[in-house]
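Remarks on the structure that follows.
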């Protein structure tokens, strides 16, 4: 019974990682950029949702949509200002810029509102506990899992069935060739950032509801964990991010459940190292040989 | 075009540098007008090194409010014709920043004494600097015993206004055994905090000595958000009581998640719980059946306490918590010592602080023992619908 409860705990934790990892993996898939500011966009989304609820007094759905919209805009601004001028620069320069952007967002937030934590209003979503054979499942965790799945399916649909998705795949394959074929590469990349950041915003609001406490540095650890999840599933692969996130959540819960709660974060990063050594393309990735 | 922009950047940098230099100059000027050691002139400078932002910002801000109120009152008359001036630095709830802050207060601002920090960990980071520079350091709320005594040796320049951890842990254990009548308990600590470990150790000692049994011992680290796995593990051991000596940010989440998992036993902690944020994070219902040991309660009918509550409400429009009260008391503790020392010399102030006896403060009557620790009583409070209710007072 304890084991099943731990699995349930792990899946609800993992669905949040999965939701953040979806945006991570998508941006990487299209522009080959590890956007370390993604976790901070998630934080901004959480705060936008919080202020929408407490100041504007709106309900859950409008708050979620507002947060997603604000993050989409933020994502596009970040891309335009920080990443676009570096598009032809060395990979490492862009990576360092991403870290800089991440710190900038964190400390601008602290400057604007202070570092003190904020508590999400608990009335936003009904919170009921279902009890099945001694295992407690909260309605909120089911809801989070549901949202992650819906967003993943939606994302798959956008990438594989729509025009912009086709453009994304083309840009990801070969940006120069795509440009020659008349695809507006800049707009496509902007759209990628908008969608990825909107997902992070949604994750922020959901995180706030589930874990109550939000603060300006809350994006760092979930951001890193989501990165591990994306690598675990195979970075750039959308179902991989989902599975990687869930798997990571379950592993963390089991590690804590065995009495090694202090090793939980360590375990996540050991997984990152192991996967990079033994299967760098991730669980869902195929080994692609570079053409010479 | 390019040149123009470069010139613009250059000049704006110059301007910033000029401004910064100007500020620095001003500050130094202020320091020298205060005189070396802050003794001369009409003001006595005292420093406050507090958690004004970061993980436990609510403590630092509460203490600062208490200090400001007390200094306002003290400065109406002044001390030996001089006014006290408070120089605040923010240690961002980080130990390294706390050390830096104290070095800055001593070397740049030339303060005669320092108040802070709120947590044991951050105070411990300042102890060495204060001792080496012979400037008294008073923590309003740092409860770890090693702050004032290390390996049987008293830290000459370090004092506190609150009681120490072993006392809190012992009081909690006695309360659990005698009032709640539980026989076994689980302990969940923040392994990154000296405060949490200290309370847990004394709780375990007193609880097992009183015939109780510890059935589970688990740990987390500050900044965690998901405790469900650890709580599930605790639940499987069926404890009748959980001792949770942590800080409000994590405690709020832990209590909430414990109740969600159906862990409805009484949960108890120390003064680290005391923050209005706790109620927001955990929720009113989840906090029912939880208890804390604390330095004071605004519900205590004592007239001195009620007078303070009234003055505080008039200034801040809210009821003071224990951190407000201890901040307020610390200012009076220091002011009393400066008055008795008759001088703003840090070493004389230190001697006067050490001899403090029967000083009437809001959080009780303060007498320092030979370890520089005050001997005073603790209050036990219960949360009912998000409100702290005064339950009982325990004397040492």
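In case you wondered, yes, glycine gets a Cβ from its N, Cα and C as well.
The following features are taken from TrEMBL:
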TRANSMEM  A:7-30  transmembrane segment
TRANSMEM  A:50-78  transmembrane segment
TRANSMEM  A:90-112  transmembrane segment
TRANSMEM  A:132-159  transmembrane segment
TRANSMEM  A:189-211  transmembrane segment
TRANSMEM  A:226-250  transmembrane segment
TRANSMEM  A:262-282  transmembrane segment
Recorded stretch that, among A:132-159, A:189-211, A:226-250, has the most CB pairs under 8 Å to the transmembrane segment (A:7-30):
A:226-250
Recorded stretch, among A:50-78, A:90-112, A:132-159, A:226-250, maximising Cβ pairs under 8 Å relative to the transmembrane segment (A:189-211)
A:50-78
Tertiary contacts of the transmembrane segment (A:226-250), as residues 6+ beyond its ends and Cβ separation under 8 Å
7, 10-22, 24-26, 28-29, 34, 36, 38-39, 148-149, 152, 155-156, 159, 172, 268-269, 271-272, 275-276, 281-285
